[in-house]
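Asks: Sharing a structure, written as structure tokens. Questions coming.
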Amino acid sequence: MARSTTSLFALSLVASAFARVVDYGFDVANGAVAPDGVTRNAVLVNGRFPGPLITANKGDTLKITVRNKLSDPTMRRSTTIHWHGLLQHRTAEEDGPAFVTQCPIPPQESYTYTMPLGEQTGTYWYHSHLSSQYVDGLRGPIVIYDPHDPYRNYYDVDDERTVFTLADWYHTPSEAIIATHDVLKTIPDSGTINGKGKYDPASANTNNTTLENLYTLKVKRGKRYRLRIINASAIASFRFGVQGHKCTIIEADGVLTKPIEVDAFDILAGQRYSCILKADQDPDSYWINAPITNVLNTNVQALLVYEDDKRPTHYPWKPFLTWKISNEIIQYWQHKHGSHGHKGKGHHHKVRAIGGVSGLSSRVKSRASDLSKKAVELAAALVAGEAELDKRQNEDNSTIVLDETKLIALVQPGAPGGSRPADVVVPLDFGLNFANGLWTINNVSYSPPDVPTLLKILTDKDKVDASDFTADEHTYILPKNQVVELHIKGQALGIVHPLHLHGHAFDVVQFGDNAPNYVNPPRRDVVGVTDAGVRIQFRTDNPGPWFLHCHIDWHLEEGFAMVFAEAPEDIKKGSQSVKPDGQWKKLCEKYEKLPEALQ
């Protein structure tokens, strides 16, 4: 990895007035890794899983050159990278989702993403946005530091050691999982923290877990640490906490929040939190716990070790937090699903390689009649089981778990339109189509277009309208500078769906049946949606084609997505127009010449 800036310490002293271009080089290649003790070939950035930490300062411009060296025929060999949470003002072409904002980068080609960061600060991450490729390892953390952070006097340490990348891990390449048509294969084999974990079924002949298999954060008594926690998973949710220590939440998804002290918090795929931990306990070793809470009984752990403890590093004396998933959830995931259908379009194809709907896209087709009869009953059982489990955890351990609805933005709290009605209201009803096994929004299952949405808009010589997009592109045009409210609800089947909107942080003005909150609602870019639904608001002040999708990657593969074409005429011309360079324009002509095996 190449970087043109000085040390993080020096960066923290540089005011935004001295913003610079921060260069990185990404060699995306296949390589063998064993983060949980089981070796497999993966998709790596600079030979690492997770990929290297990207850091910059407020006001800097990130310039990241991606060199595609992928060669393993069992995995996708083209690639794209999405910079999750970066708003991409006037740089929608750099956002990364294949066939929304770009064509993929072919093997043996390179592409440089250039992204002015503007006023953004906080905790973000990057991942492949081509098919299910990030499942195979292409994911890593991003931190944008603020030299004038309002909370700077509340912590002493905030560096690469305190960044925690939580990730589920699969032993089988994602393409092979899709080809099996078996939903059980979408359950991860293990979980990791900063690329370290354990795979421990009793029947497996794998490495025994040792201290070296666990990530270790060393702390000094009396010091305060800003922990930045990222859920870079394909499906897994975690409950994160540090044994014997409280942590004060100050950031959610890149948005500073008013402080909330908790013992633990739930974090869904795509979400991020910062919390301040004070090392105020007896010098010893303590568990950092992050059990997976939604798909399998797996304890994911790291260690917090006091440097003041003069004894050799050892396991904590106290037991670690265990998690018991309800039998109803286990039954949901282990129900016999049978074979999978598809929408009649190949998984690899010319100039449409988000991979969206093949293979897993109908993983529940054969169980349709059975599950449709049981859906309401099952969903109720799942929700009841989870609620009872949360109650038991809180009562037994007196654990204070973050209530997401209580998050308040530190700067400019309040919905964009205040309490007045939104200018545009968009009802979005999602669910599973039992006839074909596809997830839908408003009865449409997303399929990527033959030409990237952004390219379509930029080359349209007439006014962009709905007729420019096919039905299964599921593209909705939004007018500029309006307050938009999305009413998102549907048939969640007892699962919490992490919904992510590109190009915006939004205000969650209502959770389920709770009273609406326009005064100080939570603000973030990933929100969990259940049957009860949510309502979110944002202002259309960032022209571009922005993806809305479930961040359970397998659900995105099954069509749980749509695109908002925001202010399309302003994308083409004016002060907020998007102006891709020559290398971007050449991606599609290079990609469309590839044989299917190299896509």
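Using the three backbone atoms N, Cα and C, a Cβ is placed for every residue, glycine included.
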Asks: Same Cu cation 3 site as His129, His549 according to Swiss-Prot: which of His181, His502, His504?
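Replies: My reading of Swiss-Prot gives His502 as the candidate in that site.
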Asks: Of the candidates His84, His171, His487, which does Swiss-Prot annotate as part of the Cu cation 2 site that also includes His127, His551?
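Replies: When Swiss-Prot describes the Cu cation 2 site, the candidate it includes is His84.
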Asks: Just how many other Cβ atoms lie inside 10 Å of the Cβ on Asn443 (N-linked glycosylation site)?
Replies: 9
Asks: For Asn231 (N-linked glycosylation site), what is the secondary structure state per DSSP, taken as helix, strand or coil?
Replies: strand
Asks: Please average pLDDT over the domain 'Plastocyanin-like 1' (21-145) for the predicted structure.
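Replies: Within the domain 'Plastocyanin-like 1' (21-145), the model's average pLDDT equals 98.
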Asks: Run through the Cβ atoms and count how many others sit within 10 Å of the one on Asn231 (N-linked glycosylation site).
Replies: 26
Asks: Which of the three DSSP states, helix, strand or coil, fits Asn443 (N-linked glycosylation site)?
Replies: coil
